[in-house]
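As recorded in TrEMBL:
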type: DOMAIN; residues: 52-83; note: domain 'Alpha-D-phosphohexomutase alpha/beta/alpha'
type: BINDING; residues: S65, D258, D260, D262; note: Mg(2+) binding site
type: ACT_SITE; residues: S65; note: active site, phosphoserine intermediate
type: DOMAIN; residues: 164-265; note: domain 'Phosphoacetylglucosamine mutase AMG1'
type: DOMAIN; residues: 279-417; note: domain 'Phosphoacetylglucosamine mutase AMG1'
type: BINDING; residues: E352, A353, N354, R480, P481, S482, G483, T484, R489; note: substrate binding site
type: DOMAIN; residues: 455-508; note: domain 'Alpha-D-phosphohexomutase C-terminal'
Amino acid sequence: MAQFEEVSQKSKLHPKPEGLTLQYGTAGFRTHAKHLDHIMFRMGLLATLRSKKTKSTIGVMVTASHNPEEDNGVKLIDPMGEMVTAMWEGYATQLANVEQDSLLKELKDIIEKEDINMSEPASVYVGKDTRLMNYYGLVTTPQLHYMVCCCNTHGCYGSPTIEGYYQKLSQAFFLLTQNALNRTDDQKRLLVDGANGIGALKMREMEPFLRSEMQVVLSNDGSSGKLNHMCGADYVKVQQKAPQGMNMGVGERCCSFDGDADRIVYYYTDSKGCFHLLDGDKIATLISTYLKELLIQAGLNLQIAVVQTAYANGSSTRYLEDVMKVTVCCTKTGVKHLHHAAQEYDIGVYFEANGHGTVLFSRAAQKQIQELVKDPNSNDERKRAVKLLESTINLINQTVGDAISDMLVIEAVLAIRGMSAQDWDAIYTDLPNRQLKVTVSDRRVIDTTDAERRAVSPEGLQDTIDSLVKKYKSARSFVRPSGTEDVVRVYAEADTQESADSLAHEVSLAVYRLAGGIGDEPKPLH
């Protein structure tokens, strides 16, 4: 076929580097930009096949998110704005690593296995972040997810344009903040770190839509400074300090996006100059508490659940389960696992500790809320609650974690509840914790179960961890292999930072000795 011959000829212009092997992960392919030329070409082919298979628009996002500026990446977006299915992740990995002379065979195998009609037209939306090596339309990753979903739902989810995105979110935000009484200019003011990325550009575009309801003070806006360098959500989360270039006043609400604006974390400094981080656990708790209260006021019997990973702070889990009586589900690390688990509930709230997350409302839940909005017999309290729920649904980008959408939801909830950043932080106190990593000869010797909270191999490791945990108060610890390199990640928490550090070190030693550690033995932190 002529089209295959053309593919064969053009693929020679994008040769695969010899000996290079890459894996499609939760975030797609991600590595130094110089290694990705063949990947970009081949993912264009795969996106075309996926579009023909699903008879829908497919998204291709070119970004490396929170990675340094010299990196790049690419990931595919499925018809409803979700991440591509696991089967097609496998196809992506196969296609990326096959040698040039076997590329056509690999493509034909996928076409045959998926029974793809090659005469079917294809539709692919392509977006990019602000990296210099990107050449397509400037959008945040969540905006592309949103537009793909809008296109495939024929406008039911919204208008598949950037302006449609801004209008939908800003209108929902206005309806919510009308319920906040006597908001001062100080309460409307928010310091935003744009990570010198695409989120900063899009925040500037959105400001006119928000008018007087929000006063954004934008730093790291891309006018100077490198993408994600000493700024952004990942930097703030890992370093536990404010980004470079942000002038914070005492108690002022601040937030940071990551490079492609699908993560967000909040923070502030207290009167003693102490830095306080409000991460994904705090965000999930704030939003789920707000939704639970609205469901009670509306008289709706809908199950709300918070989906966490093993990295969620134990204090957040205990607060949700014991105080708020909210169902908590734990799943494997990785946004795709949280998203799928959240789909099992009427309302599923999920955030990784790094600030990537959103809220999913089932069709049945949305239908109940919409019917109640129209019910003429509802009393005032019930009517107010369901209208708040309706506007909240419209403000949330349900396709994927979205820093801009999440920011507006958080701002609206804080305004409606009359809460400061300090009030929010005081909902519960995080247990001190520590994360370490141990280099091993082969990470595959570590196998886990129970959403990665318990190790089943190597033999004796989990028994050792259990005995170490018993030495400390309010303690827990787990280990899991990295998905990309031969290291084992160790997490520990306890009632004091000293205890958490000591437990993390002892567990690291156990991993080193039982799982084939290489290099020097882990040293104590103090």
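Placed from the backbone N, Cα and C atoms, the Cβ positions cover glycine too.
Bear in mind that TrEMBL entries carry predicted annotations, made automatically and left uncurated.
With DSSP states grouped into helix (H, G, I), strand (E, B) and coil, the domain 'Phosphoacetylglucosamine mutase AMG1' (164-265) comes out at 41 helix, 16 strand, 45 coil. Sequence-distant neighbours of P481 (substrate binding site) (same chain, 6+ residues apart, CB-CB distance under 8 A): R443, R444, I446, T448, V487, V488, R489.
Per-residue pLDDT, averaged across the domain 'Alpha-D-phosphohexomutase alpha/beta/alpha' (52-83), gives 80. The two recorded residues D258 (Mg(2+) binding site) and G483 (substrate binding site) have their Cα atoms spaced 21 Å from each other. Taking CA atoms as the reference points, N354 (substrate binding site) and D260 (Mg(2+) binding site) are 14 Å apart. A separation of roughly 20 Å, to the nearest angstrom, links the Cα atoms of G483 (substrate binding site) and D262 (Mg(2+) binding site). When the binding-site residues D258, D260, D262, E352 are compared by the number of other CB atoms within 10 angstroms of each CB, E352 has the fewest. There are 20 other CB atoms within 10 A of the CB of R489 (substrate binding site), with all protein chains counted. Each of the binding-site residues N354, G483 was ranked by the number of other C-beta atoms within 10 Å, and first place falls to N354.
Site extent for substrate: among the recorded binding residues E352, A353, N354, R480, P481, S482, G483, T484, R489, the largest C-alpha separation is 19 Å.
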